[in-house]
Amino acid sequence: MPCSGGASAPKRGRAPPWALAEADFVSTCTRCDACIDACPESILARGDGGFPIVDFNAGECTFCQDCVAACRPRALRLDTTDAPAAVPWSIKAAVQDKCLALHGVHCQACRDACPTGAIRFPLRTGVPRPVVDPAQCTGCGACVAPCPVEAVLVREPDQEAHA
C-alpha cells in the first residue's frame, strides 16, 4: 500500500463524494483503491498520482456511500464540517457552448438522463436552450455521458460555464 507522505495534489479529476478538503484529502488518502473497488457504479478510477477520481463518462454517482464505508484512512467521511452527510460535494452540472441545442440542433439527452429534473429546456424563441437549476442539481453526473458532444461538465459552480 503506497504511503501518502510527500504526495502532491491530484492534478485532474474530481475526488470521490464526501472527500475531505483537497489538502486534507491528499495527506490522508493512502491510494489503496478500496473506494475504487467498492463503487458499484464503477465510476471511480485512479487519477494523477494514484488518487481516486470520479469519471462521469463511465456513469453517475448514486451517492450509495459504499466508497465512504470502504475508506479506512477516512479521506472520505460523512462526519466533517467540510462534507456534511447531506452534501457529498458542491459540484453542479454546467453546459458548455458546444451544446447541440445552442447550435439549433434538437437534443435533450442531458435532460432525459437527469434523475432530479435539474436540466430543463424552456421554450423560448427558436430552439429550446438548456438551463441548469443549481438548487436541484446534485452533481451526480448522470447528464455527462449521454451528451453526444461532451458539452456537459460537472464542476464547482463558481467556475465559468454557459448554462
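Each Cβ is built from the backbone N, Cα and C atoms, and glycine gets one as well.
Just so you know, TrEMBL annotations are computer predictions that nobody has curated.
Keep in mind that what you see is a predicted model, and the values were worked out from it rather than measured.
As written in TrEMBL, here are the features:
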{"type": "BINDING", "residues": "Cys29, Cys32, Cys35, Cys39", "note": "[4Fe-4S] cluster 1 binding site"}
{"type": "BINDING", "residues": "Cys61, Cys64, Cys67, Cys71", "note": "[4Fe-4S] cluster 2 binding site"}
{"type": "BINDING", "residues": "Cys137, Cys140, Cys143, Cys147", "note": "[4Fe-4S] cluster 3 binding site"}
{"type": "DOMAIN", "residues": "19-49", "note": "domain '4Fe-4S ferredoxin-type'"}
{"type": "DOMAIN", "residues": "52-81", "note": "domain '4Fe-4S ferredoxin-type'"}
{"type": "DOMAIN", "residues": "89-124", "note": "domain '4Fe-4S ferredoxin-type'"}
{"type": "DOMAIN", "residues": "128-157", "note": "domain '4Fe-4S ferredoxin-type'"}
Quick one: which of these binding-site residues, Cys61, Cys64, Cys71, Cys137, Cys143, Cys147, have their CA within 10 A of Cys29 ([4Fe-4S] cluster 1 binding site)?
Cys71
Taking the center of the Cβ atoms of Cys61, Cys64, Cys67, Cys71 at the recorded [4Fe-4S] cluster 2 site, which other residues in this chain have a Cβ no more than 8 Å from that point?
Pro16, Pro17, Trp18, Cys35, Ala38, Cys39, Leu44, Phe63, Gln65, Asp66, Val68, Ala69, Ala70, Leu76
Within a 10 Å radius around the Cβ, which one of these binding-site residues has the most neighbouring Cβ atoms: Cys32, Cys140, Cys147?
Cys140
Please report the number of other Cβ atoms within 10 Å of the Cβ of Cys143 ([4Fe-4S] cluster 3 binding site).
28
Which whole number is the mean pLDDT over the domain '4Fe-4S ferredoxin-type' (128-157)?
95
Determine which residues of the same chain, besides Cys137, Cys140, Cys143, Cys147, have their CB within 8 A of the center of the CB atoms at the recorded [4Fe-4S] cluster 3 site, and list them by sequence.
Phe56, Glu60, Ala93, Cys110, Ala113, Cys114, Ala118, Ile119, Gly139, Gly141, Ala142, Val144, Val152, Val154
Listed binding-site residues Cys61, Cys64, Cys67, Cys140, Cys143, filtered to Cα within 10 Å of Cys39 ([4Fe-4S] cluster 1 binding site):
Cys61, Cys64, Cys67
